[in-house]
Amino acid sequence: MLLGATFLAVGLWAWAEKGVLANLSSITDLGGFDPVWLFIVVGGVMFVLGFAGCIGALRENTTLLKFFSVFLGLIFFLELTAGILAFVFKDWIKDQLNFFINNNVKAYRDDIDLQNLIDFAQEYWSCCGAHGPDDWNLNIYFNCTEPNPSRERCGVPFSCCVKDPAEDVINTQCGYDVRLKLELDRQKYIYTKGCVGQFEKWLQDNLIIVAGIFVGVALLQIFGICLAQNLVSDVKAVKANW
């Protein structure tokens with residue numbers, strides 16, 4: 001419950017800093033994904049679940065315990081459904097991931113949180129764009145059209161650059177004009193593989209760890225549901241003896 005409240009507070013603070021709370025209509029202005037939503041949604045769900053489970057157990061309130069159990073069961077069902085659909089419709093999921101990344105490439109400069117998220121993903125998976133560096137043509141600052149006055153024209157963000165171990169300070173201009181070079185020359189300076197393929201490869205390489213995390217979370221959820229239902233039964237049994 002406290003962790004959920006912390007996540008929620010961080011999300012609301014981030015929105016306050018960006019002026020979203022002062023103008024709620026600006027939530028829809030961002031063309032891409034706002035990472036703050038993760039804090040808001042995850043924090044809200046955790047807080048509600050934690051509150052219902054904690055207070056329900058302390059006060060032996062069967063209504064709150066049933067709410068906790070049903071809510072947790074619903075989340076488990078949604079996770080299970082999402083996992084099955086992701087396995088069955090792998091190609092569709094891949095297309096949606098490609099669309100999602102390209103949509104956020106367009107909005108790269110619109111939101112600092114989104115920008116940091118994309119930079120982190122490209123650095124972590126050593127990738128650039130959804131399918132490759134040329135996906136950055138979708139962004140008005142990086143596209144290669146002649147009328148584009150931006151200094152970043154025909155370039156890529158610094159997070160696409162191959163890191164030099166000798167550099168202590170990040171060169172944020174390392175991607176300038178790099179897409180004017182030939183394909184073989186690009187490989188010396190930037191990552192040329194797309195993030196969709198790199199993410200897929202990462203999943204395959206870490207399949208056991210990822211599967212283990214999902215199974216562990218699922219078992220904890222089932223355990224929580226069983227405990228809540230068991231406590232509800234005990235409370236009802238005690239009340240029946242009255």
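Just so it is clear, glycine is given a Cβ too, placed from its N, Cα and C backbone atoms.
These numbers come from a predicted model, not from an experiment.
According to TrEMBL, the features are:
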DISULFID  Cys127-Cys160  disulfide bond
DISULFID  Cys128-Cys144  disulfide bond
TRANSMEM  36-58  transmembrane segment
TRANSMEM  70-89  transmembrane segment
TRANSMEM  207-232  transmembrane segment
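When the alpha carbons of Cys144 (disulfide bond) and Cys160 (disulfide bond) are compared, the span between them is 17 angstrom.
Neighbour density at the Cβ, taken as the number of other Cβ atoms within 10 Å, is lowest among the disulfide-bonded residues Cys127, Cys128, Cys144, Cys160 for Cys144. Within its own chain, the transmembrane segment (70-89) has Cβ neighbours under 8 Å at 45, 48-49, 52, 214, 217-218, 221-222, 224-225, 228, counting only residues six or more beyond its boundaries.
Same-chain neighbours of the transmembrane segment (36-58): 1-12, 14-15, 18, 20, 64-65, 67-68, 71-72, 75, 113, 224, 228, 231, counting only residues six or more beyond its ends whose CB sits under 8 Å from a CB of the stretch.
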